[in-house]
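Per TrEMBL, region 'Disordered' is recorded for 1-74. Annotated compositional bias 'Polar residues' per TrEMBL: 40-56, in sequence order. Under the heading compositional bias 'Basic and acidic residues', TrEMBL lists 57-74. TrEMBL lists 156-332 with the feature domain 'GTP cyclohydrolase I'.
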Amino acid sequence: MSDSKDTQTGAASVRLHQPSPLAAEIAAGPSDEPSPLVSHLSSSAEGMAQSSQHSIQAERDYAAAQRNEAREDADELHQFRMLALERQKATGGFAGAGAQAGPSQATGGAFEPFVGSRVGSPIPDKNGLGWPGKGTLARLNATPEERQAREQKLADAVKVLLECIGEDPERDGLIKTPERYAKALLWMTKGYEERLPDVIGNAIFAEDHEEMVIVRDIDIFSLCEHHMVPFAGKVSIGYIPNKFVLGLSKLARIAETFSRRLQVQERLTKQIATAIDEAIRPMGVAVVIEATHQCMTMRGVQKPGAATITSSMLGAFRRSDKTRAEFMSLIRSSQR
Ligand SMILES: [Zn+2]
């Protein structure tokens, strides 16, 4: 997260009538530059230029599709924020906003709080955040027939799996297992079918509240991407609003969406933080996850009870030891 150096503070920098920096960045983005993969392909295989032509094109198409999705998502989130402001204005004003936003009042009051903690959106795959991946886009946009074909293919694979472990997939107890497992696995990875703007809906509210908001001990269940076995634990999320708050249940929904994918705990932690950052542009976001990995506890080193703790701190939580300490003490305090 070396790229999350703060160059601006939330209070000091107010942006006027502009789409999110993410959208702008993506729009302006690396569209003309080949991806590292493409560069690699072209430089390492001059003589094979012909044969890699196809994969280069495929790579470009994929990158373009991905940028499109990300841009749409960012635009949608921006619209939710603008909508929240309008709702707020319609229902009797937003006292603090004009006063604090300064110049934006002169230009009609529309503003977009901005915090310099952007570490890249969880939406594009730029930082290896893993979504949307090639297969993910296909799954997200699948027709009902394609979904059915996908489930069947998965069930067939499970049958092979059963054979490989020395079982008889035709015996009574197992006869329905491939279909069951296929359904279960698709369910356990349903986060691939959820887009951030859909998860958040319009549960973004303009609110003049600048104190820390914390929801702690949200249960999460995920699958480690190295072994595809579960890891489970609790996530605590805090943020400091900057003109916008999120419906509280949405914090849990965001955690759910990202945990229902193949994950490493570090990335999950960061994705939750960046998703909140992207949605409401707060002064800062803090996410701490404590989880137990079954790849550690029921196989391999077999250390039952060993917990892995990861954290992601953005904006004020990264900048200020005091803010971070306050968050940490609040999530640890009493009755756990
Ligand atoms: Zn693992």
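The backbone N, Cα and C atoms fix where each Cβ goes, and this holds for glycine too.
Computed over the domain 'GTP cyclohydrolase I' (156-332), the whole-number mean pLDDT of the model equals 94.
Mapped onto DSSP classes, the compositional bias 'Basic and acidic residues' (57-74) shows 18 helix, 0 strand, 0 coil.
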